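Novice: A single structure is presented below for examination.
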Amino acid sequence: MSVWTDKASTLLVDGEPAPGSGGRFDTANPATEEVLGTAANATAADMDRAIGAARRAFDETEWSRDLDLRVHCLEQLSRSLREHADELRELTIAEVGAPRFLTHGAQLDAPIADVAHFAGIAAGYEWTHDLGVAEPMGMPSRRWTRREAVGVVGAITPWNFPHQINLAKLGPALAAGNTVVLKPAPDTPWCAAAVGEILLNETDIPPGVVNIVTSDDHALGAQLSSDDRVDLVSFTGSTATGRAVMAAGAPGIKRTFLELGGKSAFVVLDDADLGAACGLAAFTVCTHAGQGCALTTRLLVPRAHYDEAVALTAKALRGVGVGDPDDPGTVCGPLISARQRDRVESYLALAEEEGGEFACGGGRAERDRGFFVEPTLITGLSNESRVAREEIFGPVLVILPHDGDDDAVRIANDSPYGLSGAVHGQDLERARGVAARIRTGTVGINGGVWYGADAPFGGYKQSGIGREMGVAGFEEYLETKLIAEPA
Ligand code: NAD
């Protein structure tokens, strides 16, 4: 693998490495602010070629019909990525600022294994289903359904968990028989280019089936989401961009799969172990500096225990602190960029304007370099405040009082988002009842972890449309055809 050593990542277009007609752009280490090197910078013409290659590979090759080849290629890809896991790990820590401990899970090792899981789903899938004989309008007919690939998939991804999100789109899309154009985020081009290089050199995936187009120009995402040759856009990112992707696809009635933002609630019921719950809430919001769409960022505690919960949570947040992502003990590394740090700081200023106070944190961490923000707990705001309603994407927790289970459910659901949540309480039936009333795609009870290759993940309301991972995630990339013959 050469990306990491010679710092010369390329595009992958039609089975060839390509330089990028727009020259090169820098990729940097968010923990040190040092430029790591450069990535190939695609233009609209490169994107056009990539879409054309994916279209031809779908229309003119056997890829979509050759299940054995697809299973073989995805198992190969998972194996090859695993063989390069240590290089990819160092690259990911450097380019994403991902804490090392997370690369042993959702930032790297888990998504690599998940590629093989999707091969397994495809291998065991019931591609045809016999509906039997019926006599519509007196004409006996045997009918069956056939599941087929949708066609060309445009995959557009963010920077926060690049391998997880890139591979959670590539794996099921390819397993289902589609061809793909992947446009990763401008902040993390190397993570995608490295996967492209391994895929090109070490797998039998045919030319044009996977194309990877790195660029510092967001307009290439817009181009991919509006091109008529693309059948399905699979997008992960902010709700604002998701709205643009949906609008861009509307004239062509393009299938659009969206994984968007969140403002998830961590509900502590009055029979919960308050210390344990507040400790977990603090740890969660600090993970990868709060740069996770499904992290719980509103902590709802019983009003009678509000002050105690503030003290416990602030203490836990101070205990986590920030650290070098390279250090295995670090939970809260840097934000991805100066732009993202500015955005988080603007929300901290807004919190004060709205009447909030900081029980801990509230500004930049004292470090010489890197885009670090202190773990922060905001008190004194209501759920109507912008800080409690909008996604901040930093290690920032808003603590809100509730007046019992019904009120907690009301506050949790009073959000434009519906991505995830948590419920803590000793009476399990009661906690389950609250979880059932929370309108989100995932809920963890008492620390239960919902993440997994077989576990569908996605959002209600403005957090998205569709599910990623699991059989449901695989089926997002399939069409259903019904065939009927005289019986
Ligand atoms: P973003 O929306 O700014 O960018 C995401 C991707 O979209 C990038 O590749 C970007 O280049 C591209 N893009 C930008 N403008 C576009 C346009 N007009 N048309 C098409 N593509 C365009 O998001 P981000 O800042 O990179 O990532 C952070 C956001 O992602 C947060 O809101 C977070 O909640 C969300 N996210 C959601 C999930 C999920 O699964 N629900 C997972 C991770 C991140």
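Just so it is clear, glycine is given a Cβ too, placed from its N, Cα and C backbone atoms.
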Novice: For the feature region 'Disordered' as recorded in TrEMBL, pick the matching range from 1-27, 217-243, 352-378.
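Specialist: Comparing 1-27, 217-243, 352-378 with TrEMBL, region 'Disordered' matches 1-27.
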Novice: Using DSSP with the three-state reduction, classify GLU259 (active site) as helix, strand or coil.
Specialist: strand
Novice: Cβ distance under 8 Å to GLU259 (active site), same chain, sequence separation 6 or more: which residues?
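Specialist: When sequence neighbours closer than 6 are ignored, GLU259 (active site) has ILE165, PHE235, THR236, GLY237, CYS293, PHE457, GLY458, GLY459, SER463, GLY464, GLY466, GLU468 within Cβ distance under 8 Å.
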